[in-house]
Structures are given as structure tokens and as C-alpha cells.
Amino acid sequence: MADLINILNHFVQEQPEAVAVRHTNDELTYKQLDEESSKLAHLLQDSKKPMILYGHMSPYMIVGMIGAIKSGCGYVPIDTSVPKERVNMIIDKVQPEIIFNTSDETLEQTNAQVLKVSDIQDSQYPIVFDSQMKQNDVVYTIFTSGSTGEPKGVQIEYASLNEFAEWMVSLNKTGTGKEWLNQAPFSFDLSVMAIYPCLTSGGTLNLVDKDMIKKPKLLNEMLVQTPMNVWVSTPSFIEMCLLLPNLNEQQYNSLKQFFFCGEILSHKTAKVLVERFPNSMIYNTYGPTEATVAVTSIQITEEILNQYNPLPVGVARPGTRLFATEEGELVIEGQSVSLGYLKNEEKTAAVFNFEDGVRTYHTGDKAKIEDGLWFIQGRIDFQIKLNGYRMELEEIETQLRQSKHVREAVVVPVYKNGKVVHLIGAVVPTESVEDNLAMTTQIKHELKSRLPEYMIPRKFEWMERLPLTLNGKLDRKKIAEVVNG
């Protein structure tokens, strides 16, 4: 099997001065990425636990990833947007020996050794390091939403990452040495779809930060300054960008390939994209974090648009088998499947199976196959995706119920065109609500210390009681009807 460090070494030799990663005016060449990651690997080589990698869009986040792979310890990426309480929960679970903090923020409550970028830059360690990562080692652990309020650490094997990167490079028809755009923060596994396929094809990884996402004008300046060839993002991000009337082939004729993952690509969005970029390749992909980013793909063409609405997610990638249970739940089998959740045997046993050397994962997604193509038909549990972020409604409810103002709570997703657009909290308050705005503000303020912003309901509906089913369970369907009514 291919080894991405060996491939990276090839490009270090072939094009040492080519830019490997760029964020605005901050960039690292392939030679610098290799040397800085080797110095970090020397610092990490005795660590028996994964390294926590903390920061936003610094090129040194990529140094952290490559250094952790070379050392063999692997990494756990955490973006600076993650609330401190959640960061502390992850650190408590991982119990790292070393944290590489690429940001200016201070991390509290940790006994780990904290390294800063200057520690690597000033280090006198050798600039060469032979990679220690084995194919069956855990290369990264990404934490996703957990139903009890405790995030789950999804452990991905190095062989799974190598297989994924090789597959993505085979889908990329633009060739080597291209400019790749990465929209996703590194704590979101969609970023993996850009990072490793880019670097193992000798490309330049261009990092989109949160300011660019908030202000499309800044993104536009970036695209003008550096013409992109390959675009990797959630469908929601491209929907926002398509509000810019000049995002088309005439203005950006270098853009030849788009990859979308993380949520449903709507027919409407895909149609606009095909119209604006008729000569580009647009790929719709699907996959949970637990199966190494994505396991299916399909190129969206005029023919596909005319034939299917909603759109299919395509066919399984090599080495992966998909099948649906009698209940319609999609099950993924093969090398792409995670090794399970970090230090959480109960949650692992509930959805993973490792019998006879074959790994399977029960996704919780409803799926069907038609004309040899897979279609995703929503969730069979309470897990949803909003703006590309996967979350469990029960986690938000758990945090809501911790408020002194809340007696009972259910979170209801609001759908538009088959996609979740925002959340509403149905709340039974502990006292009568005199001032709706003040109460909403107070509860949102409390949630901000415990949940990422994207998991906080947009508004709240106050109810005297929550309806129950005949079995005595919460009647979520009825609650949704009342809230949406």
C-alpha cells in the first residue's frame, strides 16, 4: 500500500521550493514543511499518546500533522472555535503528553508539555526524520458530537488514510502541482479531503479562515490573488459563495474540479454550479467520520441532473462494500472503517463490528440503491447535519437541560428542500417567561460556554409540557409539528 510520507518525500526532492501550504501571506515550501515536521517528530518520538494539535489556519497546523505522523504518535486536531469546556473534555479523554499550540490563545487545565511554533522554529533538532508510523497505527483522532454531551473520538488507521488519499488522487483529473482550496477547519474531517490528496499530488494547500467565511469579499480577494484549481468544501459553503454573481467560469477559469462532502448537495445548488462551470468536474461524495471522510462519489453532470432529484451520492470506492439492513440502515464494510471510539468500548460496540478481521460500521443513515447508485434518505436516529457539521440533537438537549431556566427540552431541526437549515429548541421553562427575548438571550449565553456556535438553536418555543407517545416516550414528531406549525 502507498505511504503518504514516502510520496511527500518524493515531492520534497522533486520540488523543494514549491509552496506546500499557504494562508494569506504565510506559506511554507515542501522543503520547509519537511524540515519543520522532522524537528517536531524528534520532539514527539518518545510520546506514547496522540499529540493534541490546537489552532486555526496556521500552516504550522500541517507541520503538526506531518510531524505527528512521522513520529508515529498520531494527532488530535482541535480548532480555536471549539468552546474551552469542550476542549478540556477532549484533553481529559486523550491525556496527551504533548500539545502543539499554533495559536496565540492559552490552554488551561493541562499537565501536558505545551509546544509553540517558536519552539519548533528555534529547535536545534535534525531536519531529517525517518517515519515511524505503521499502517495499522492510529494516524488521527477526530472528535464528533456525542449523545451524552461527551464528544466521541473517532480513531482512523494510517492504512485507511493512505487508501483514502490514493482514491482521491485518482478522482482528481487536474494533475499534479495544482492549487487546492480547503474550507473546513481541521477539527472537521472534511479538511482531510483537501490536505492529503493535495500534498500527495504535489499541490499547494490554500487555507480559508473563519474571517473569509464571514466576509465573502475577503474570499474573493484570495481567489483573485491565487487562482484555484481544486475546490473542497461543504455544499453550504458553495451555496454562500454562489451569492457572488461573479463566481463563474469566465472570472475563475482555473477552477476545474469541485469536491463536496459533509452534507446533502441539493439539486438546485448543483444545477447552478454546472451552469456556471460547464467545463469543470463536480463531485458529490458521502461518508461519515467513522469511515475516513468519504466512501462514495459521483460526477454531477447535466445527464445526472436531468435523471435524478434528489441527487445520488454515487458508487462505493475501491476496497469498501456498502449494504442496507432490512430497516434501510446503511452499513459500511472495509478498510475505510474506523478502529472505534477512543476509550469508549460501549459506544464502539453499539455501532462497530470487528469479527473475522472485517470491520463494519452502522451509519444510522437511511439509504437505498437504484440504478447501481446509492441515495441517502436522512437519519434513522436523532443525528443531523447542519452546515456540514454532524451533531446529535440529544447532546444539545443534554446541555439545554443543564440551564436553571429549563425544565425539559427537545431540539427540532427545521428542514428546507430536504436539508437542515436551523434548529429550534422546544422548552418547558422552570418559571413563566415574562420577557421572551431576555430569556432566549440568557439561555443562548449559557450554551455558548458549553457548545460550538453552530449547535445552538436559533430560537426557542416555550411549552407548558412536552407531548408523549402511548409508550410514554417523548413524541418528537408531535413536538416538531407544534414547533413548525
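Just so it is clear, glycine is given a Cβ too, placed from its N, Cα and C backbone atoms.
Remember, it's a predicted structure, so these values are computed and weren't measured experimentally.
Quick look at what Swiss-Prot annotates:
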BINDING   Thr144, Ser145, Asn284, Thr285, Tyr286, Gly287, Pro288, Thr289, Asp365, Lys473  ATP binding site
BINDING   Asp189, Val293, Lys473  D-alanine binding site
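Recorded features from Swiss-Prot, shown on the structure.
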| residue | record | contacts (Cβ under 8 Å, 6+ apart) |
| --- | --- | --- |
| Thr144 | ATP binding site | Pro151, Lys152, Val154, Thr289, Arg390 |
| Asp189 | D-alanine binding site | Ile142, Val154, Thr289, Thr292, Val293 |
| Asn284 | ATP binding site | Phe260, Leu265, Ala270, Ser297, Ile298, Ile300, Leu311, Pro312, Val313, Gly314 |
| Tyr286 | ATP binding site | Cys261, Ala294, Val295, Thr296, Val313, Gly314, Trp374, Ile376 |
| Pro288 | ATP binding site | Ile332, Tyr361, Thr363, Asp365, Arg390 |
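Cβ neighbour counts within 10 Å, taken over all protein chains shown, single out Val293 as the most crowded of the binding-site residues Val293, Asp365.
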